[in-house]
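Undergrad: According to Swiss-Prot, the protein carries these features:
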BINDING   104, 108, 111  [4Fe-4S] cluster binding site
BINDING   180, 240  [2Fe-2S] cluster binding site
DOMAIN    86-315  domain 'Radical SAM core'
REGION    14-38  region 'Disordered'
């Protein structure tokens, strides 16, 4: 093993992760701010967050990224060792519903739902409470702990937000599944409403680094997305924010995004891999080489030893038969079921894979 990797491995393994809060009769402990948590690193007591293990520096991450290809397996092995110590519990699983689809005024180059692109993406208004409840129960029975309600558009209207919060109260009461909102840009007042309705987490991807963002989106500012993550965190919501790999960014820009996520102290990092969609500006972009994608995931684990890292959209197209390697690369969870506008892998196949790996019963 390269000396750099061995030194990083020893340093990260020597650190300790704070013990999670103990279970309660309701299934999970509740911190003093009464946010319902999933089986994730947000179960760490708030006063222990400052003692979370420190990841490698940006300079060290760049050095790892520059190692020759012959060291790729050693990079994965290093990340897997860190995952097994700091995030070695059962794989975290989340699922989503496309609760409002299409006609988005943003021009994100990767997105099928943008009104700027001719993709033939489904278009529908906000789903009713019964449909949202049915999808929640399906995911809960399949083993997902967290249910993401995702809507297209810059942000919800006040009426849509009220409707969704009313549905959330019922979903929490009847299924018990942890709720995550992915509803676009968020004001502090909207974040407070979501928390009161029973949402425990808010998802809002930065998508890419600040330096590469102008090549991906021109209809809103990078700081708008950062403000949303901060508003969610200030409201007591668990924050979930990551990006998409393979849009043409460099290794350094993926590391730049990782550093920004660390500055924001996000709880969970979803990693998506570009699946080029016909009709979008990135439709002809080749998929990322599988090993490069895995090494990039591994670097994120080294930078975030004790945070949740979930691999989500695009894993089928980019990784193919190497999908199970995401755990060898340091991920500790994944999205299951279908995505927003593309079909995911059969749930039974994913659960069988997890059982074979020993990361899920």
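Counting begins at 1 with the first residue displayed.
Cβ atoms are placed via backbone N, Cα and C, with glycine included.
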Undergrad: Hey, for the [4Fe-4S] cluster site built from 104, 108, 111, who else sits with CB inside 8 A of the CB center?
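TA: Checked against the 8 Å cutoff, the neighbours are 106, 107, 110, 112, 113, 114, 116, 117, 152, 217.
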Undergrad: Give me the CA-CA distance between residue 111 ([4Fe-4S] cluster binding site) and residue 240 ([2Fe-2S] cluster binding site), in Å, as a whole number.
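TA: So the alpha carbons of residue 111 ([4Fe-4S] cluster binding site) and residue 240 ([2Fe-2S] cluster binding site) sit roughly 19 Å from each other.
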Undergrad: Cα distance, residue 180 ([2Fe-2S] cluster binding site) to residue 108 ([4Fe-4S] cluster binding site), nearest Å?
TA: 22
Undergrad: Looking only at C-alpha atoms, tell me how far residue 180 ([2Fe-2S] cluster binding site) is from residue 104 ([4Fe-4S] cluster binding site), rounded to the nearest Å.
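TA: Distance (Cα to Cα, whole Å): 20 Å.
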Undergrad: Taking the Cβ of residue 240 ([2Fe-2S] cluster binding site) as the reference point, list residues of the same chain whose Cβ is under 8 angstroms away and which are at least six residues distant in sequence.
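TA: In sequence order, the residues whose Cβ lies under 8 Å from that of residue 240 ([2Fe-2S] cluster binding site) (at least 6 apart) are 180, 201, 202, 203, 204, 266, 267, 268, 269, 270.
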Undergrad: Looking only at Cβ atoms, how many others are within 10 Å of the one on residue 104 ([4Fe-4S] cluster binding site)?
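TA: Here the count is 22.
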Undergrad: In which DSSP state, out of helix, strand and coil, do we find residue 108 ([4Fe-4S] cluster binding site)?
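TA: The residue in question, residue 108 ([4Fe-4S] cluster binding site), is coil (DSSP, three-state).
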